[in-house]
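Peer 1: A single structure is presented below for examination.
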């Protein structure tokens, strides 16, 4: 089996010089992208005093773990936030994948009479929304989700953008013939979907799952809106709260009580960067899990025949 | 003990609720439908006098780990005193305005909420109907507040003749000072006794610039604005009346000779390199303070501020006045607690606010936490923070009367007397008590705001040449509709003037 | 009568598919369509009522199109509309070209391990919030301590006051946007390439097609549907500007306003002091309606050429 795949790939090989050129293009761009992140890591390990004096430096005069010590002092608060974020991300991705996979499949099928209606029904929500307050009322008063972990999951569960992308994946990578052959074999619609369509659409599903995972991981706004209980605050929301509050206090320095307040509670540059590192680190390790579906591709042939 | 009583009262209420449901089932279900959700909805008749009322309170500041623990203690105390318990929710500074806007607009149940001139704008929201009018409540249940706090607070925070919130008794006027890094003053034997105006700083700045290449002489940020003899209609908008005005005529400050000459000075300093070339986009000079790489700046002060600054930076800072202590609308409205318009228990809320502003036990508990856990008393009115206080570190000024707080270690004994003295020294700004109603000119304000963002920082910090840019700014402000706003404000001021015999 | 029974028959015939869209449709109903009723605030001067939000809406007075005026009556109306459209136009076109290019490059690189490393790297900017990106831009562009100026001085060039020189900013903003977005968007195209039937390439090989002929004749045409969809969706958002990009990265520098002020920053600055939710809702509605009209038009054109690629 593996030898067959290898042979298949041989058809694909680029000539050597072009391979070098392609490697350079991707490598340089990747470096540009990684570099600032490395910088974040370096700053987070820089000594505070040195940072204040010299500004951002690639190789600081003095290294320090102080920022991390400071962040971890809040101890269980941080761990709990990790817990919330991970829970919301895992459950959220599963829930949203279920919603989206079914919806997108239905509107990708030409035999579905109302496909255009439901495509429009979804698409319309991408453009129009009722604004913050009405949404807030529906979620808190109608659905009763205030201060509930579901307020972090449900509002992001469905997304018309993902539906439209996934629909295109279904209709391009799943030939009608396959569905027809399934029907001839007497399989019901659900079985066709699960056994024939899903395996063929793995790259698309992985893409949507990845986007959804990142969406949940990076989300801070829903927590800002719906969560008052400090024990339910996810990581990014905590980070964002600290950032915006700092900016806010700086902008109101005219107020003497507030500017004196700032003296006490202003987080240091280094600890803010340490929080960025802590908030991003784990998800980077989750990335390869999705990646194999859209770097290596599938051995599609086996499924199709 | 407490637990037992709780269980008993729970049993009692459920029994009562049951019998109520039997006898008056129509009324009961009605209550539940509109109910606050947190309060089992059994207000209304006889049951309420037995069962403590729970007040929902939203206030500003970073959420604290031990908040619930402290509130449990607070509730024991308030239940006994006024039969009230409090559910306090803290929302951090940066999120407060947005989150409260959504909560209030959606009609979420709440009783007490923080408001001020700088977060969840007091005047605006009072006019939109977010708060309950407190005039009669203050007289009936807030006597203590009225007697305790400086009357100027209640007078100055009236909106269209009514009070909508209880101001915190704190520093009343606002005053700006020049601050200096004392180590550098000593090193070059510089004298600050003659410093008062922006112009008088020049010799000092020059000395530092010439001798200390690594130091930023004037640590300025983009919000900088010269001190001018004006009282502004809206903060940082170029329309104001003169401080000594008699006729209350609004002037466009961009056209005033005072602004022009000040800007020329700033521009001179900018070109001389006393100010960072990037000042127009600089929001924080915290790194300069931390590394002590600055010589001077200007800041808002309050009594004993020098001590706080020095302690926080770790090196001595001294200051000298840059302006007079004026009482502005925004300084009076610096920190207030309002009662929500949809509160179910406005009387109880007022009773609670009254207690908060007059009772040292409650006030200190809310401010510093539990005695023996977060702090310990070292004298009758003095205290010391314990290590646990890091889990309960509240923004003192936002939580009511600060002058009944225990003195902290290191505070001078006469701290609150100094505050009172400072308050007495304050001079009323001419527009104190006048609040511009912007609802007729919102379109113009949106446009003018954007012009302001474009021109303000570069002009005020000397980044651009006022000769060239001031006329440009004036022209753009006018095109955006500044004159229409001024005309509307003038009409309102004239009416207000006539009404108040100014 | 006949019509209704036909309808019921259709429902029954499509029941499995209807069941599949049901959860999603309910979600849209609750989280999108119900709140949409609140958009009526755009035509009201919103004032609070004791009895909650809906009562407030009913009690607030109608003001017609007044809330929309601030978007059009100013001198800046032209500038913010132009900036929003031109930047988003550039983002759509350049973003598309670069993302597809990067996806093809990554898919063709022989060493798959390296390709994975590159791809992970490209994704990192997506994790940094605009605030943090703003810090970085500053550490490069700061006139005093910025790396760019240090390098330029080292090479004997004159240093630049980046935050007050308008002419560079269109390029800087486009660069920063692409830097942040290309890695993310290329995933979609990469996944689409992986979904292409490998036997097509084999057949082409047998016909003696070179690698680049394969890309042109197989990869690109098969990417066409997803490219069309992504572009159509982006057109719908063309009146929405990324607030963080235009506010945090130029550090809200006043001198740059004529090239950095977009609809979203304008609305933010303009409503900061008055906080009228009627006006902010109006701005959102305006952005949506324009986007909607543009998408419907483009979708109509796409349908004419290729029915399958259209949105609906």
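Glycine is no exception: its Cβ is also placed from the backbone N, Cα and C atoms.
Keep in mind that what you see is a predicted model, and the values were worked out from it rather than measured.
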Peer 1: Tell me which range among A:82-105, A:226-249 TrEMBL lists as transmembrane segment.
Peer 2: A:82-105
Peer 1: If we skip the immediate neighbours and take only residues 6+ beyond the ends of the transmembrane segment (A:190-217), which ones have a Cβ under 8 Å from one of its Cβ atoms?
Peer 2: 85, 88-89, 92-93, 96-97, 100-102, 105, 152-153, 156, 159, 162, 165-166, 169-170, 173-174, 178-179, 182-183, 236, 283, 286-287, 290, 293-294, 297-298, 300, 303-304
Peer 1: Should the transmembrane segment (A:20-45) and the transmembrane segment (A:273-290) be scored as in contact, given a threshold of at least 3 Cβ pairs under 8 Å and pairs 6 or more apart?
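Peer 2: They do touch: at least three Cβ pairs between the two stretches lie under 8 Å.
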Peer 1: Where, among A:82-105, A:117-143, A:149-170, do we find the most CB pairs under 8 A to the transmembrane segment (A:273-290)?
Peer 2: A:82-105
Peer 1: Sequence-remote contacts (6 or more beyond its ends) of the transmembrane segment (A:82-105), Cβ cut-off under 8 Å?
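Peer 2: Here the qualifying positions are 118, 122, 149, 152-154, 156-159, 162-164, 166-167, 170, 193, 197-198, 205, 208-209, 212-213, 216-217, 219, 231-236, 282-283.
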